[in-house]
Amino acid sequence: MSDNSYKPYALGAARAGVDGGFKPGNDDPFYSGLSDQLADKGYFTAAADDLISWARTGSLMWMTFGLACCAVEMMHAGNPRYDLERFGMAPRGSPRQSDVMIVAGTLTNKMAPALRKVYDQMPEPRYVISMGSCANGGGYYHYSYSVVRGCDRIVPVDIYIPGCPPTAEALVYGFLQLQKKIRREGSIER
């Protein structure tokens, strides 16, 4: 390289500080108020929120609250043909280790407090999938005196899967919709 070539790393004597480095002036936008800009625009918060929601969607742990015949279709979704684990969703036996509860089947008045107790044991953020006509609105037994007309009267439901019974494909689609919902929602409150 010749002495006349452009050297972006070389500073003139006028711009060099006492330490030999560049001293920013008061009008330098990078150094003045960087934390103010981050607080205002939330760059770091948005990036962390995207990272957290990506991690949550790729590691959903689900548990079953299988009450009737819809639970059989739920078992099909976990088998090799549909394989929910390839989407990052694995079954768990304890509510304390799960993020998603699948309510599948007819919910009776006697079973409703147990459903609420299991839901309360789940850590935040927690999600509920209502699977089948019976869990969605009472289904075939809607007019029975002992049936809760939808599990959304007991716990907040995020995804409804219709059908009697819904297929395993419908459950996989419901899980994918739940992943989209988690990505859309933020997890960090500002």
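Placement of Cβ uses the backbone N, Cα and C atoms for every residue, glycine included.
Swiss-Prot lists CYS69, CYS70, CYS134, CYS164 with the feature [4Fe-4S] cluster binding site, giving sequence analysis as the kind of evidence.
Here the features listed in Swiss-Prot are placed on the structure.
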residue	record	Cβ contacts under 8 Å, 6 or more apart
CYS69	[4Fe-4S] cluster binding site	GLY105, PRO165
CYS70	[4Fe-4S] cluster binding site	ALA104, GLY105, MET131, GLY132, CYS134, ALA135, PRO165, PRO166
CYS164	[4Fe-4S] cluster binding site	GLY132, SER133, CYS134, GLY139, TYR140
Not counting CYS69, CYS70, CYS134, CYS164, residues with a CB within 8 A of the CB centroid of the [4Fe-4S] cluster site are ALA68, ALA104, GLY105, THR106, MET131, GLY132, SER133, ALA135, GLY139, GLY163, PRO165, PRO166
Using a 10 Å radius on the Cβ of CYS134 ([4Fe-4S] cluster binding site), the other Cβ atoms enclosed count 28
